[in-house]
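Just below is one structure, and these are the notes that go with it.
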Amino acid sequence: MTQQIKYKRVLLKLSGESLMGSDPFGINHDTIVQTVGEIAEVVKMGVQVGIVVGGGNIFRGVSAQAGSMDRATADYMGMMATVMNALALKDAFETLGIKARVQSALSMQQIAETYARPKAIQYLEEGKVVIFAAGTGNPFFTTDTAAALRGAEMNCDVMLKATNVDGVYTADPKKDPSATRYETITFDEALLKNLKVMDATAFALCRERKLNIVVFGIAKEGSLKRVITGEDEGTLVHC
């Protein structure tokens, strides 16, 4: 029986940390294989998938790692870290027989295409996974903002924010055992309750463009597929 697909084209935001697994830094092979396997399953269902990946598993511009380094320089280093992650994802997809393309907001033609919106949309329509690297290409903007921007540019049905928790909670579930998960919440309610769904710039862009967000746990087996088919998974942040 063919499963109902709620979202035809999605922008998936993956943090760099989600690729570390149990390692203290870098890319964990088993973790990236598991993550890509989950995504490949929905691609085979006919879902068009764009991915924005962070670089925090390698280097984060806003961190103690950067020390007294110039902020713009540190951010550019973080962008290059996202390119490394994007190449690793592309390799993992192609190992599974899924065609993938990396588009970078910074020009590095030997290893990735330079971002071009029409070409990216064409790839999505052809069933290829498009991995957007190097954030927005500008310092001082997070990869959350890059994800909101690419999601809007690609005319995605939804932005999927993969995290290490399975949704948005009333409080930090690691600190407060009585915290409960929201199944749905509006943008206005999230602002009123000061729930940190993502950074303010990204959140404002999604709200303005009416790009709904689903926050879910990518490490939970089958979670992405359940989101795509409209099951109760994660938290839907909507207009």
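Every residue number used here counts from 1 along the chain in the order it is shown.
Cβ coordinates are placed from backbone N, Cα and C, and glycine is handled just like the others.
Around the Cβ of Gly56 (ATP binding site), the number of neighbouring Cβ atoms within 10 Å comes to 23. The ATP binding site annotation in Swiss-Prot covers Lys13, Leu14, Ser15, Gly16, Gly56, Arg60, Thr163, Asn164, Tyr169, Asp172 and rests on similarity to another entry.
According to Swiss-Prot, the feature UMP binding site maps to Gly55, Asp75, Thr136, Gly137, Asn138, Pro139, Phe140, Phe141, Thr142, Thr143. Around Thr142 (UMP binding site), taking its Cβ as the centre, 21 other Cβ atoms fall within 10 Å, counting all chains.
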Original post:
At the Cα level, what's the spacing in Å between Tyr169 (ATP binding site) and Phe140 (UMP binding site), rounded?
Top reply: 28
Original post:
For Gly56 (ATP binding site), what is the secondary structure state per DSSP, taken as helix, strand or coil?
Top reply: coil
Original post:
Could you tell me the C-alpha distance between Asn138 (UMP binding site) and Lys13 (ATP binding site) in angstrom, no decimals?
Top reply: 18
**OP:** In whole Å, note down how far the CA of Gly55 (UMP binding site) lies from the CA of Thr163 (ATP binding site).
**Re:** 14
Subject >> Spatial neighbours of Ser15 (ATP binding site), counting only the binding-site residues Gly55, Thr136, Thr142 and Cα distances within 10 Å >> reply: Gly55
